[in-house]
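A.B. asks: Let me begin by handing over the structure; questions about it come next.
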Amino acid sequence: MDGTVTLSPAPTDLPPVSSLDAGQPTLPPEAPLAMPEQSLREGSLQVRHQRTSPMGIGLRRFYLIGGTLTATAVAVWVMLSVLWPGGFSVLEGCLLGLFVLLFAWIAMSFASAVAGFITVVARAGRKLGIDPDAPLPSLHTRTALLMPTYNEDPRRLLAGLQAIYESVAETGQLEHFDFFVLSDTTREHIGRAEEQVYAELCDSVGGHGRIFYRRRADNAARKAGNVADWVRRFGGNYPQMLILDADSVMTGDTIVRLVAGMEDNPDVGLIQTLPAVVNGQTLFARMQQFGGRVYGPIIAFGVAWWHGAESNYWGHNAIIRTQAFADHAGLPSLRGRKPFGGHVLSHDFVEAALMRRGGWAMHMVPYLQGSYEEGPPTLTDLLVRDRRWCQGNLQHAKVVGAKGLHWISRMHMMIGIGHYFTAPMWGMLMLVGIGIPLAGAGIDLAQGLPFSPARYWHGSSDGNAIWIFVCTMFVLLAPKLLGYIALLLNPRERRACGGAIRAALSILLETVLAALMAPVVMYLQSRGVFEVLAGKDSGWDAQVRDDGKLSWPALIRSYGGLSVFGLFMGTLAYLVSPSLAAWMAPVIVGMVVSIPVVAVTSLRRTGLALRRAGIFCIPEELDPPKVLVRASELRRAAALEPSLI
């Protein structure tokens, strides 16, 4: 398994492309690779222990699982001391079951975050010989950069690709790279615009014979089918392919180091970077990118620490060994009707699992900077995307039991499924926590005491319930605290995020806004789960990339029902008891104010005002990399051009 691919000659004799209508070629000669459909019912794990696995990987996973189980066992023992006195009701049994699952969930995240914090502070975790501080290595193979697109603004899309192209050219190793725009666009006017902008790009940078464009007539299997079609037609020319998203930007330095990492490690099938979220303008986008910049490394370094050579694939900003992908990542069509049947939606997890089954190592390198993406501008846009991810992740229930998968690959899928089931579980936990005192000891009509869940739980077993609440909140918020401490210990990052005080204020504001949005997210994720289980498909629409521009009628349609429901529940709770209303206030308030919160956080001027105040700052704003500056320049220039779509 040396990953060797027979190379065809580089297409150097293609004529300039000034107009697609003139019939000039936009693609290189084909070099097909067979990409057979993989079976989920047959297969075996080819290599159990990878050469590139870090030392002590078994102990790392023992720490994660053992720490999770130990913390959960202690929490359950304390919870039993609260519930057991006076008998054990059905509601209390439901509460305990929900508590066990949810506490184990956050305890595992906490244990992983602690490992990530230590790795970040110790500046450890570098692997595969990829050293961002070393001289730039020389390359010996060819790599294709693939940018799939679906009904995107072509000027904006190709501005990002041009910035990447120029950055790669600055490394002096452009001859080792070809660039492909892989269009699945279904709207004819956008397709025609893509062709025009592609021709302009080739003329602008002299990219004839190195930048290519292909539009599928049938966009079967969505993005996964788009990439698979390229592999089957052109993959034989390229030992590696680097997958980009429509909003991806990467530096040439990072791309060259990724390719060198693949060349130096012939048993590695995939290397995933940690894309930093950038270019946020709205308040929501800026709080998201700040959180990703401060907390994201703690989480990413943590999972990379215990993933080892069984890391996951996020679908973009990753380099893949083409032959390994062709041999093992051909996705089957799942039996049954949508939403569980049909083409695999969240294809990246499954492709990674199948490649690992085939004996290839999968790695994440979160320390390698120079990889960027953009986030949704509004909560509404995030939830639209999240609904699609929800369906894709729940669909993995049909894949997780496939023959021969590594147990860590199965764990990736189970975590993805569990992420969406936790939303309705948190809601049920809250309702059961109120229902227990409401059904029993919390009401004492003889003494005329008002109903008070807080008084009931505080009086249970010497206040152990309060300790459970405090510990749960600490475990939930610990990644934020650890991220802030790591920031303080890095003077350069600290200054780039506005300094210690502004960073602390940013974390506080982000936590408050996230808490206000949490009931909305919980409700809509829960609804998404039930819609998927009821058979409702999510569809496939182009993503919003710039500011959200949400109208008040659209906000009222999206969140008006939730606000009315919050008012109804708040009024009902107050009629039962003001104490009950106070207990439910964090959830009720989030529902009631959902419209103004989403509206304010969707505003560009609010986000930019906070930027001027030094709130939600990230290093890429204080000292932006050249590739991001260039991409922004090109996109601003494109915005001045007459619209093509």
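Any Cβ shown, glycine's included, is placed from N, Cα and C.
Just lifted these from Swiss-Prot, have a look:
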- 1-28: region 'Disordered' (REGION)
- 62-84: transmembrane segment (TRANSMEM)
- 99-121: transmembrane segment (TRANSMEM)
- 417-439: transmembrane segment (TRANSMEM)
- 466-488: transmembrane segment (TRANSMEM)
- 501-523: transmembrane segment (TRANSMEM)
- 554-576: transmembrane segment (TRANSMEM)
- 581-603: transmembrane segment (TRANSMEM)
A.B. asks: If we call contact 3 or more Cβ pairs under 8 Å (sequence gap 6 or more), are the transmembrane segment (417-439) and the transmembrane segment (62-84) touching?
C.D. replies: no
A.B. asks: Using Cβ atoms and a strict cutoff of less than 8 Å, what residues sit near the transmembrane segment (62-84) while being 6 or more residues removed from its termini?
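C.D. replies: Apart from its flanks, the transmembrane segment (62-84) reaches 92, 95-96, 99-100, 103-104, 107-108, 110-112, 115, 306, 457, 460-461, 464-465, 467-468, 471-472, 475.
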A.B. asks: Below 8 angstroms Cβ to Cβ, which residues of this chain, lying six or more residues outside the transmembrane segment (501-523), approach it?
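C.D. replies: For the transmembrane segment (501-523), the list is 283, 287, 290-291, 294, 379, 383, 423-424, 426-427, 477, 480, 483-484, 487, 494, 559, 562, 566, 586-591, 593-594, 597-598, 601, 613-617.
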A.B. asks: Take the transmembrane segment (554-576) and find every residue of the same chain, 6 or more past its ends, with a Cβ under 8 Å from one of its Cβ atoms.
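C.D. replies: Residues 380, 438, 451, 519-520, 523, 583-585, 587-595, 598-599.
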